[in-house]
Amino acid sequence: MAVKDPYEVLGVARGANADEIKSAYRRLARRHHPDVNPGDPSAEEKFKEVGEAYSILSDPLKRARFDQYGTTDDMPSDPFFGGGGGGNLNDLFDMFFGNMAGGGAPRGRRGRDGDDIRSDVELTLNEVIHGVRKEIEVTRMAECNSCHGTGVEGGGQPDTCPTCRGQGAVASVRNTFLGQVRTTSPCPTCGGTGTQIKNPCHECHGRMVVQETATVVVNIPPGVESGATMQVPGQGSDGVGEGRQGDLYVVLHVKEDSRFDRRGQTLISRLNISFAQAALGDQLQIEGVDETVDVNIAAGTQPGTQITVKGAGLPPLHGGRRGDMIVLVQVKVPTRLSEAEVKLIRELAELSGDSVPKGEDRGGILGGLFGKKK
Ligand SMILES: [Zn+2]
Ligand SMILES: [Zn+2]
């Protein structure tokens with residue numbers, strides 16, 4: 001049976017992470033649940049479809065298989081394509097050949113590498129300033145406890161793969177337009193493990209690994225930028241046999257803070273002051289990211305003035321002297337004036353020799369203000 005594109009069914013992107021997939025599934029499952037739509041066969045159909053899609057995308061093995069082949073059906077029991085874990089960190093093709101046929105891996109090594117997994121983490125600006133310890137929940141493939149990672153029911157050693165005679169790899173010659181290319185590729189029968197399992201473990205079905213959810217503690221240093229990625233070695237999926245442990249990649253996202261614009265280590269904030277404050281000067285305290293910030297308004301400050309507050313910005317990566325905050329000054333012009341205020345402003349204007357609007361002129365500026373008063 002052909003499977004509908006599970007990404008399409010759940011309405012998620014190809015690179016969607018486990019949380020996005022889970023929440024899309026929950027939303028759709030709730031909407032199409034037969035209990036909510038009694039007597040509607042199309043809802044039941046849709047509900048089943050959503051469940052099938054989720055069963056593929058929530059299982060790193062099935063997901064990787066679907067990504068690779070566009071189906072999860074009729075696959076040989078091919079444990080090699082273990083786990084996608086979410087994200088596009090690994091091109092499976094590269095991983096396949098990069099790890100098995102060179103790429104630094106020792107030749108003749110039997111086993112398969114654990115997948116790298118990705119997790120997305122949101123940070124506040126305050127966390128960027130001080131750094132933060134985060135507990136991250138990850139879904140990964142871990143050694144099966146039931147068979148102790150052998151894949152054989154009840155433990156015990158698997159047999160040697162007859163195709164590769166336990167080598168885990170087979171050599172093949174391909175004819176390409178460049179001539180004959182001899183390549184060594186993972187054994188298609190055993191997926192590179194060099195073993196054959198006649199009595200597969202009921203828990204892992206011979207894959208030697210099972211899906212687990214684990215909490216990984218990550219110390220995020222100060223000063224990180226949105227989009228930065230931290231590699232946490234060995235916290236990805238377990239490798240099998242002599243395969244290496246996968247890594248966890250933590251992708252950092254700094255939350256927007258409406259109070260500030262960030263330019264590297266510099267924070268830009270906006271400050272509205274009154275005409276009196278601008279003219280006479282003032283000492284103000286404004287909100288910084290982690291503490292209040294003293295701002296000194298000089299007498300005669302003009303609209304658009306930028307006041308630099310040293311050390312109120314963000315630290316460089318891994319900490320150190322903090323950058324500055326630039327306070328962009330705006331001068332408020334009052335929009336509603338009392339009669340007394342108008343009188344004073346007129347007096348002020350006369351004193352300073354500015355042109356003064358005529359008080360009697362109802363069509364002028366004052367007309368707008370007093371037009372309705374009798
Ligand atoms: Zn097992
Ligand atoms: Zn083999």
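Positions of Cβ are set from backbone N, Cα and C atoms, glycine also.
Per TrEMBL, domain 'J' is recorded for 5-70. Annotation comment: TrEMBL describes 131-213 as domain 'CR-type'. What TrEMBL lists as zinc finger is 131-213. Annotation comment: TrEMBL describes Cys144, Cys147, Cys201, Cys204 as Zn(2+) 1 binding site. For Cys161, Cys164, Cys187, Cys190, the entry in TrEMBL reads Zn(2+) 2 binding site.
If you count neighbouring Cβ atoms within 10 Å for each of the binding-site residues Cys161, Cys204, the highest count belongs to Cys204. Per-site Cβ counts within 10 Å over the binding-site residues Cys147, Cys164, Cys187, Cys190 peak at Cys190. For Cys201 (Zn(2+) 1 binding site), the count of additional Cβ atoms within 10 Å of its Cβ stands at 23 [all protein chains shown]. Apart from Cys144, Cys147, Cys201, Cys204, the Zn(2+) 1 site neighbourhood in this chain, defined by C-beta within 8 angstroms of the site C-beta centre, holds Asn145, Ser146, His148, Gly149, Thr150, Gly151, Val152, Glu153, Pro200, His202, Glu203, His205, Gly206, Arg207, Met208, Val209, Val210. Among the binding-site residues Cys164, Cys201, Cys204, residues whose Cβ is positioned under 6 Å from ligand 1 are identified as Cys201, Cys204.
Those residues of the chain, other than Cys161, Cys164, Cys187, Cys190, with a C-beta within 8 angstroms of the mean position of the Zn(2+) 2 site C-beta atoms are Pro162, Thr163, Arg165, Gly166, Gln167, Gly168, Ala169, Val170, Pro186, Pro188, Thr189, Gly191, Gly192, Thr193, Gly194, Thr195, Gln196.
Within 10 Å of the Cβ of Cys144 (Zn(2+) 1 binding site) there are 22 other Cβ atoms, across all protein chains. For the pair Cys201 (Zn(2+) 1 binding site) and Cys164 (Zn(2+) 2 binding site), the C-alpha distance works out to 22 angstrom.
Closest to Cys204 (Zn(2+) 1 binding site) by Cα-Cα distance, out of the binding-site residues Cys161, Cys164, Cys187, Cys190, is Cys190. Between the C-alpha atoms of Cys187 (Zn(2+) 2 binding site) and Cys144 (Zn(2+) 1 binding site), the distance comes to 22 Å.
Taking a Cβ distance under 6 Å to any atom of ligand 2 as the criterion, the binding-site residues Cys144, Cys147, Cys190, Cys201, Cys204 reduce to Cys190.
In the predicted model, the zinc finger (131-213) shows an average pLDDT of 88. Sorting the domain 'CR-type' (131-213) by DSSP state (H, G, I as helix; E, B as strand; all else coil) yields 0 helix, 39 strand, 44 coil. The Cα of Cys144 (Zn(2+) 1 binding site) lies closest to that of Cys190, out of the binding-site residues Cys161, Cys164, Cys190.
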